[in-house]
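Colleague: Structure in structure tokens, see below.
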Amino acid sequence: MPQKIANLIGLAGQSCAGKNLVADFLKEKGCIVIDADKVTHEVLQEQSEAVIARFAPYAEKRDLQLRGQNGSLDRKALSILLFSEPPLLAEHEAFILPKIEARIRNIINTALTEQPNRPIVLNAPTLHKTSLMPECSFILYIKAPFFIRLIRGKRRDTIPLCRLITRFLQQRDFFAQYLSQNADIVSVVNARSVQSLRKKIERVLREKGF
């Protein structure tokens, strides 16, 4: 079983529940925050030609073009393809996740070497799919009622309502997957004000010794 890193906190949660708001708050508190989405974007850019070569034939069958007008990978088209074809999503994750994990692990190791006592927060929407999850001292899981998330999502993302709902439904078993892996998980509901959310996070940090 992987050894836990004492000052590594996992941050995950439902889409549009306020996870990034919590990440910003933890950064204000002095934590090093690793944005897994940002790392994913960097790795995907580096591997864009390999991804296009791998999935372009499937995309063409669905009248999707993975190469944008500027010649780069169209991430939106890739997302539409992968989330409509679970086997393709699994293939993509098997290809890209190990590369993302290796990059994140390097960032964590650098932080531990340079500032060994400073808390590190891994902000990763799909943390449960990685080998990094068991190494977190605990996981903050941010939740919010469905309709509140729907309203937030419509304000934030310019995508059709049906696609937003589909995204939510695809994530409905994420929390159960953390539980099935015996993760030390603390669920925080973000249904009221920002100040209320801050107080909840501060209480969790105190209880966990941070």
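Even glycines carry a Cβ here, placed using N, Cα and C.
TrEMBL lists these features:
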type    : residues                                 : note
BINDING : CYS16, ALA17, GLY18, LYS19, ASN20, LEU21 : ATP binding site
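Are these features on the surface or tucked inside, and what touches them?
Modeller: Other C-beta atoms found within 10 angstroms of the C-beta of ASN20 (ATP binding site) number 18, with every protein chain shown included.
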Colleague: I want the residues beyond CYS16, ALA17, GLY18, LYS19, ASN20, LEU21 whose C-beta is within 8 angstroms of the mean position of the ATP site's C-beta atoms, in chain order.
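Modeller: Counting only non-site residues, the set is GLY13, GLN14, VAL22, ILE142, ALA144, ARG152, ASN190.
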Colleague: Other than its own, how many Cβ atoms are within 10 Å of the Cβ belonging to LEU21 (ATP binding site)?
Modeller: 15
